[in-house]
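Features as listed in Swiss-Prot:
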type     : residues  : note
TOPO_DOM : 1-54      : topological domain 'Extracellular'
CARBOHYD : N7        : N-linked glycosylation site
CARBOHYD : N27       : N-linked glycosylation site
TRANSMEM : 55-75     : transmembrane segment
TOPO_DOM : 76-89     : topological domain 'Cytoplasmic'
TRANSMEM : 90-110    : transmembrane segment
TOPO_DOM : 111-136   : topological domain 'Extracellular'
DISULFID : C128-C207 : disulfide bond
TRANSMEM : 137-157   : transmembrane segment
TOPO_DOM : 158-170   : topological domain 'Cytoplasmic'
TRANSMEM : 171-191   : transmembrane segment
TOPO_DOM : 192-222   : topological domain 'Extracellular'
TRANSMEM : 223-243   : transmembrane segment
TOPO_DOM : 244-272   : topological domain 'Cytoplasmic'
TRANSMEM : 273-293   : transmembrane segment
TOPO_DOM : 294-312   : topological domain 'Extracellular'
TRANSMEM : 313-333   : transmembrane segment
TOPO_DOM : 334-383   : topological domain 'Cytoplasmic'
Amino acid sequence: MGDQNGNTSFAPDLNPPQDHVSLLPLNYSYGDYDIPLDDDEDVTKTQTFFAAKIVIGVALAGIMLVCGVGNFVFIAALARYKKLRNLTNLLIANLAISDFLVAIVCCPFEMDYYVVRQLSWEHGHVLCASVNYLRTVSLYVSTNALLAIAIDRYLAIVHPLKRMNYQTASFLIALVWMVSILIAIPSAYFTTETILVIVKNQEKLFCGQIWPVDQQLYYKSYFLFVFGLEFVGPVVTMTLCYARISQELWFKAVPGFQTEQIRKRLRCRRKTVLLLMGILTAYVLCWAPFYGFTIVRDFFPTLVVKEKHYLTAFYVVECIAMSNSMINTICFVTVKNNTMKYFKKMLLLHWRPSHYGSKSSADLDLKTSGVPATEEVDCIRLK
């Protein structure tokens with residue numbers, strides 16, 4: 001259940017109504033209904049699909065574990081300690097919240113759909129639409145949050161006097177969610193359940209978007225709009241931001257005498273920018289195959305839909321795209337952040353023996369107040 005925009009199918013010869021286009025977010029697509037059905041073979045029973053099912057299951061389990069636990073730790077620590085609430089962490093919190101919701105709400109249903117029931121939806125229309133909508137919103141929030149972080153870094157390093165304040169950041173965060181929620185509305189509006197005959201006398205209930213056949217042009221226009229606004233545009237903008245930042249940090253001479261503190265700050269900023277560029281690269285590598293596959297499938301369907309294992313390949317490509325949330329969580333929450341230290345202190349405070357009384361809480365807050373929320377040596381203090 002990845003990006004919901006690219007899954008569409010035009011074939012009125014099966015169970016879906018003949019005046020509709022089936023757009024199946026749970027990985028059914030433009031030419032799915034055009035594939036000749038073999039009465040003797042169910043694609044879900046092939047060895048290729050079995051192998052893909054294992055890969056998908058492992059990936060979904062990883063997302064639930066890494067994104068569920070990691071982002072919960074980050075959110076809990078951020079809620080408990082005000083010192084963690086700098087501009088950068090507030091922007092990262094958008095990623096954490098969206099990925100956490102997907103990990104605990106969407107992934108269990110996806111595990112049931114892909115792995116347990118092997119492409120059959122058994123949870124009703126409301127959950128079908130809700131899960132797909134939440135998954136789509138999460139993708140757009142993640143993309144827009146990464147873009148906001150890149151802009152924040154650009155302003156902080158290239159134009160430090162113009163850096164965002166908390167009021168501007170709050171407006172930007174609200175805009176990130178508002179845009180994501182609005183753009184994803186079609187994924188909920190057009191989502192329904194569809195019964196398909198996979199092999200003779202065998203049916204599966206698919207959860208997906210059903211676009212009227214006379215709205216094919218609208219669907220394609222909508223997909224291209226989202227592709228430009230939520231992939232091409234952000235990637236180009238982030239690339240330009242980090243290119244300009246790199247020029248500032250690596251190729252611009254620093255005037256005056258460089259103290260050890262200045263050199264340390266410069267090294268820290270360089271490492272941070274390298275981390276952010278790595279995250280951008282991972283985002284492109286994870287999502288470019290999915291968008292590319294979707295474009296070929298929706299605009300040049302004859303190139304792929306006759307391939308026997310085309311659907312299985314699409315599931316794997318989508319699985320790779322979904323796994324990007326794990327990379328974000330590992331990089332932002334567990335690798336280069338002080339969040340784990342604060343979370344451990346919070347647990348220590350909670351489980352501390354009662355005879356220490358209220359003093360333990362005061363002592364803990366006093367001690368943590370001297371620990372930077374984002375350490376220079378860890379290269380995540382970005383001011």
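Keep in mind that glycine also has a Cβ here, set from the backbone N, Cα and C atoms.
Per-residue pLDDT, averaged along the topological domain 'Cytoplasmic' (76-89), amounts to 85 for this model. Put simply, of 55-75, 137-157, 171-191, the stretch with the most CB pairs closer than 8 A to the transmembrane segment (90-110) is 55-75.
Classification of C207 (disulfide bond) by DSSP places it within a strand. Taken through DSSP, the topological domain 'Cytoplasmic' (76-89) splits into 11 helix, 0 strand, 3 coil.
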